[in-house]
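Residues or ranges marked as region 'Disordered' in TrEMBL: 77-97, 156-186, 394-419. According to TrEMBL, the feature compositional bias 'Polar residues' maps to 164-174. Under the heading coiled coil, TrEMBL lists 198-252. TrEMBL lists 275-360, 450-541, 612-702 with the feature domain 'Carbohydrate binding module family 25'.
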Amino acid sequence: MEASLHVHTPTPVCCGRIVLRDKTFVKKIKPFIPSRRTNLFSQFTQSCSWHKYSLIAGFSNQIIASSDFSRRRRYKVSTPRANDSAPKGFKPKPSSLRKDQKIIEGKDVINPSISTEVVNPTKKESKIDKVPELNQRSENVKIDILDEISVSGSQKKKLEAINDSDNQVESLSSGDDDDEEEEAPRKLKLEVEVEVEAKLLKQKLEEEKLLKQKLEEEKLLKQKLEEEKLLKQKMEERQKEMEAKLRIQELKSLATETLVKGEKIFYYPKIVTPDQDIEIFLNRTVSCLYQESEILMMGAFNDWRYKSFTVKLEKTNFGMDWWSCQIHVPKEAYKINFVFFNGNDVYENNEMKDFCINVEGGMDVYEFEALLLEEKRRELERLAKEEYERQKQVEEQRRIEAEKASSEADKAQAKNEAERRRGMLEEQLQKALKSDDSVWYIEPSEFKWEDMVRLYYNKGAGPLANAKDVWIHGGYNNWREGLSIVEKLVKYERKVGDWWYADVVVPNCSLVLDWVFSDGPPQRATLYDNNNRKDFHAIVPISIPQDLFWAEEEHRIYKKLQTERRIREEEIRAKAEKTTRMKTETKERTMKTFLLSQKNIVYTDPLDVQAGGLVTVFYNPTNTVLNGKPEVWFRCSFNRWTHRMGILPPQKMLPADNGTHVKTSVKVPLDAYVMDFVFSERETDDGAFDNKNGMDYHLPVSGGIAKEPPMHIVHISVEMAPIAKVGGLGDVVTSLSRAVQDLNHNVDIILPKYDCMNLSNVKDLGFHKSYSWGGTEIKVWFGKVEGLPVYFLEPQNGLFWKGCIYGCNNDGERFGFFCHAALEFLLQSGFHPDVIHCHDWSSAPVAWLFKDNYMHYGLSKARIVFTIHNLEFGAQLIGKAMQYADKATTVSPTYSREVADNPVISPHLYKFHGILNGIDPDIWDPFNDKFLPVPYTYENVIEGKKAAKEALQQKLDLKRADLPLVGIITRLTHQKGIHLIKHAIWRALDRGSQVVLLGSAPDPRIQNDFVNLASQLHSTHHDRARLCLTYDEPLSHLIYAGADFILVPSIFEPCGLTQLTAMRYGSIPIVRKTGGLYDTVFDVEHDKERAQSQGLVPNGFNFEGADAAGVDYAVNRAISAWYESRDWFNSLCKVVMEQDWSWNRPALDYLELYHAARK
């Protein structure tokens, strides 16, 4: 129990201690020693007035009396006395106001009278609350003072002793005799405290004095600085006045000098530097503006290319008719260009030469060009980023719209499906029963979803009467989810007859149960009781209302459709992303191979030349016309020799570390997109040059701000795949055009409009125009084939209404007319192509018709490129085209050498080049091939080819075994080596292989020969040989994928696509060394170095002879490798799949040829 009292104690007496919190109020006090203890504190308080600043002055103390008061530490308090009495040692002397005022340092400090409130004597003795806390706070203050003020050692020891004893003395003395013993320590403590106070006051006064002195010094210093500043300003003003006068004098001198020279302008200062203000002066009197009252200057920097400006001129004040303006020269400037005008149409432009001032000490023109290019690069990056974000938003909006449309379609489909199911189920419900007591019944008869019911079946009443076991195969709602109930029935002994039963759970959401009985589980049952093919059906008696059920069913169908669609779309998206990624990786590998293909002659470090960087060119002259020359000079430019910097000065190449190469380094400008160079033996233009047989050396530059301007290429051809294809010519026209178009060039194709053409592959076909030529009207149709723009020419004279492409007795006349009509179409349509590309004998007339009739009459920009696909046809026409063409090609380097001695070719070898054909990677793509059972890439080639082989064996009824399989896909002609094909078939069968041939012969005799061979093989090796003597596109895909080897034993082969397609599908080619076969297949044992020179690795088996021994040599090695080194063989399949035989590389070679033709 506690009771509280409030005692107001203005006098801050804390058990005989003096507590000083705020040292700023302490004044100098003379120490004194009181003679008597009774008035010690009163005298001290009256002298110091310390209570005025006490921390607890006026504090209302709370006195608490509690039940455990006696157990607490007691504090003595004075007991109430009479008014005339006072506690001993605390009775203050009577004092007047005058005595209470103490003058310290000339200031009056008022000591207010001390009032003491006496506790009511009737109340119990109370404890003064907060006393221990105040004691502690006063102790802290004393410790702080002792730390901050030096106290003598003896005093300090005394004070510590007092403190120790003071811990024992916690109550006020009441005058008892025991207090006498404590009086001496109290006196000593008081002395020390007074001394501390005195020192504090002294220190405070000294600090105030120092502060006052510092303020005075700062004031004096400030005054001095202001005076100096004022003086400096006056001096600067005088200096400016002097400089202004000197400037006026100098300007007058310059003006006079300018007049003497007969010039119109001058500028100040005389030497102009970057990041500077200059003034330009015009003598209006001698200018075209002499009558104008307002003059402006319009200008820019760095040949009018940087920071244009317009400023107004003001009349000067130094005499004559001089006008001036001031401009700031930016730090990027190397020249100032300007003219003067009146704001309208009167100009002073220095007699059409403009005025210019050179800026010294700044950037030069090349550094400024680099600055502009860097700014442009940053701008392009910003625009590209904005375009990416825009496309991203567009794609997201498209996705949202597509998702919304798909969702609506799913809802409509779900509704239709639900209605269809409801109609079918209602028919079943009409036929369904609750039981058929003689055959089956269910207990209990009333049940609902997810109940366990027992289904009884009378086995003896149906076809399973003699079955050993009985099984139920069941579902629900007209078998909506297929087979969902499978249970074995148990014999029921308690009922007469052959009854069996099974316990089944009623499926959720079922309205009717469907089932049949059998003699075994699914997949092993042989006998069924299916209620005479009507199945058994039982109504579920207890279920939800049908309208609610079908609403929920429609929603379930909708959700299922959405899930299936999203899974399907995700699979398509993932597959498309992987296809794109693989294409990108393939292109990067091809570009690297392209750059390394000439490493024995020239290469760079880094291999990928970057715009804005430094590139080192390494050259090996021992393999060129400069072999043995004492010096090699490097001549370089950029952008097909058209760069703004022109041709760089020749650089002498220095020996490289490897001893065989020489090297030099070049800084690549930011606006370069291709690097061009040749080598010479001298610094001058005479002597030997290595210019790559007139093609020059060109390397692509990456990361630049400039892009190569697109060329316009027009193909004039009589074939195009897939709409008018007879042979490889049609494939080349389509695939090459697509590859060049993918490299950001413009490609058009002009083709006859045959009446037998398959127009289903032409998108957006429509009438374009008509024109007259050759005595007939020619209608022009336009459409897109494989993404390529195609113009179809249809002469109304019926030349192409023959039901065929080739085979007419006037083919020469037909195609000659077409070539002339195509050139006329280009002329009349205003086309200005860079290159006209014609092919084989059928469009060879384009070359001379163009040069004779159109080159100087509107199509002067174009150059002719002619490609020989097969020299066996139309040699005379080919020879004439070779004469007129600017550049000519054939379909492989080896074939170009093989036909070099032909008289129609040999005179033109200087412009004749061999460029390999490629295959279309979108048509021949095992990862996206709809004819294969398992899509695959090089990552899972073994799995994919195994599945394809099994599918092929099953399709052709071959033995399903793990055997080597040799595939042959060809036209059966003598060119293809039909005698070698026959021998290879027998040899492969002898080695235990399977053989599949797909192809037909245009010659009936050869076709019959192979029909007889097929009959013989199908009889003797029915499970290992199959000859399909027709053309079957899906089967060809399956053979490429399922075969281990593809045989191509051609007698001659200009290029060949079969071996390229085989490698695309991971099949190993076995070929004869001829034409394009030699250029693309490198023997695993003999051609390692030859492959490395092309940046490749060995990829197949080849042979030289055109006899049985040659075939045996290659076939035996291939089949032995399959049997004896399967792991190595499997790795070889992966290697060939990674090689790029698409049009990526040939397209780059053709672009180089196009540029060379235009040079």
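Glycine residues also receive a Cβ, built from the backbone N, Cα and C atoms like all the rest.
Across the region 'Disordered' (394-419), DSSP helix (H, G, I), strand (E, B) and coil residues number 26 helix, 0 strand, 0 coil.
Non-local neighbours of the region 'Disordered' (394-419) in the same chain are 550, 553-555, 557-558, 561-562, 565; each lies 6+ residues outside the stretch with a CB under 8 Å from one of its CB atoms. Summarised by DSSP class, the composition of the domain 'Carbohydrate binding module family 25' (612-702) is 3 helix, 37 strand, 51 coil. Remark: secondary structure over the domain 'Carbohydrate binding module family 25' (450-541) totals 3 helix, 39 strand, 50 coil, with classes taken from DSSP. DSSP states for the domain 'Carbohydrate binding module family 25' (275-360), grouped as helix (H, G, I), strand (E, B) and coil, give 3 helix, 44 strand, 39 coil.
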